[in-house]
Amino acid sequence: MAQRIFTLILLLCSTSVFAGLFDAPGRSQFVPADQAFAFDFQQNQHDLNLTWQIKDGYYLYRKQIRITPEHAKIADVQLPQGVWHEDEFYGKSEIYRDRLTLPVTINQASAGATLTVTYQGCADAGFCYPPETKTVPLSEVVANNAASQPVSVSQQEQHTAQLPFSALWALLIGIGIAFTPCVLPMYPLISGIVLGGKQRLSTARALLLTFIYVQGMALTYTALGLVVAAAGLQFQAALQHPYVLIGLAIVFTLLAMSMFGLFTLQLPSSLQTRLTLMSNRQQGGSPGGVFVMGAIAGLICSPCTTAPLSAILLYIAQSGNMWLGGGTLYLYALGMGLPLMLITVFGNRLLPKSGPWMEQVKTAFGFVILALPVFLLERVIGDVWGLRLWSALGVAFFGWAFITSLQAKRGWMRVVQIILLAAALVSVRPLQDWAFGATHTAQTQTHLNFTQIKTVDELNQALVEAKGKPVMLDLYADWCVACKEFEKYTFSDPQVQKALADTVLLQANVTANDAQDVALLKHLNVLGLPTILFFDGQGQEHPQARVTGFMDAETFSAHLRDRQP
């Protein structure tokens, strides 16, 4: 008896193994979207948690997650940072694996309110699912101030995280501005004024007076930062409008042009004269007088400081964050004041000699300011064109730095020149792909002549019009990476084209994922893309010939020989 049971188990196992060995290579090995991305939610008054349990080997796109309330008001949703994923057609994208928990704060929800959640993911094997939409019913929530209070903090943190550099960069910018031709030569004079012309002060006393002067200057800048941040907070939504972003980008570009010497930005000379006379009336050498001198000095903008200061102020207005606004301008003023403190304590011997290098520092800050328009325009024009703008800026900066370095005569500068030249060559790569890769891609995508269909009725009509010929239906979408790989690498192959010469070629573009697309995918029982279906001369599909997932030209050609009806 035991021997019979053992024999039966062995036969069952053998059947399973052989079934796996001879399984159709094109047959779908992928699970439905609800199993790949198990979605759930839980609400507790104002707090709603959305969770996705992501199956191993699958991932969700961060940028494809959208939440739309109906008869409800929610706080801005802050998506957590994902991990970077890169492919040939879409570049770098942030994705989520394993598990995603997304907290949503509900400020107010009426009876019958809902939340529409849209998301999309793919499998590592190259299989992508259409966007999934779930409707989350919400319990009634009454608006109150306590629930809305954390919203501004979260929103500020979100905008802060999206900005291109941290406030600590302001300290480095301030130090760099100190070495421009408009500022550095003034430091010995300012030092003498701060000390009141007294040459025999102790080091501690001199350091204290200079520190007080810098704090007075920093106070002016900090107050300015707080005012601009408060104004930005009131108009935060407007500051994200494409037209406003384009306008700000133009302003930043003009500020950068002033750093390149095309024109001069500064306060009117009459106002500068009044502020200077007011500062000169203060008594140098006394803490109170020195503090007032510093505060007034913060209002006197030289041509070298106006553009960077304006850029930082616009940066702060974008953030709408009060802490960031005050802190950034304080660190900026502190950076400008550090060289002054060193000169006051140690004397002019620490000052580098004036020369053309100071103009080069000013020009370098022009390139730094140019990075801000690129950052703003990237939100409007998209990642692809944004990368090209970054590429152009990188080529311009490294090219300028390389040409400037050719004037140096020291041997070690040759190493720097090689590094700068290599950086310029690396930066130009996205522009090369744009200039020389687009035409080739367009050509390869026209090799197969597909007839486009949209609905189930159009598919049935096309099958009738095939008049006994075999039919291949390619389901395509712009968000499907493997679909683009099929077009570029597989459908362009001469062997594949030859094998499909007598086949009617149909293609359904389901990028929009509208009602007609959903109905077509449901009718064909398609889980995701890429999926290629084969029909015989009678219009009947051969399920065993169905292809899911990417195949290279050689594998697909073999599949056509073995499977095509």
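Cβ coordinates come from backbone N, Cα and C, glycine included.
Of all ranges given (208-228, 418-438), Swiss-Prot attaches the label transmembrane segment to 208-228. Looking up Cys480 in Swiss-Prot gives a disulphide bond to a cysteine among Cys304, Cys483, identified as Cys483. Over the domain 'Thioredoxin' (434-565) the predicted model carries a mean pLDDT of 87. Using a 10 Å Cβ-Cβ cutoff, Cys122 (disulfide bond) registers 25 neighbours. Taking DSSP states H, G and I as helix and E and B as strand, the domain 'Thioredoxin' (434-565) has 60 helix, 24 strand, 48 coil. Between the disulfide-bonded residues Cys128, Cys480, Cys483, the minimum number of other C-beta atoms within 10 Å of a residue's C-beta occurs at Cys128. A gap of 6 Å separates the Cα atoms of Cys128 (disulfide bond) and Cys480 (disulfide bond).
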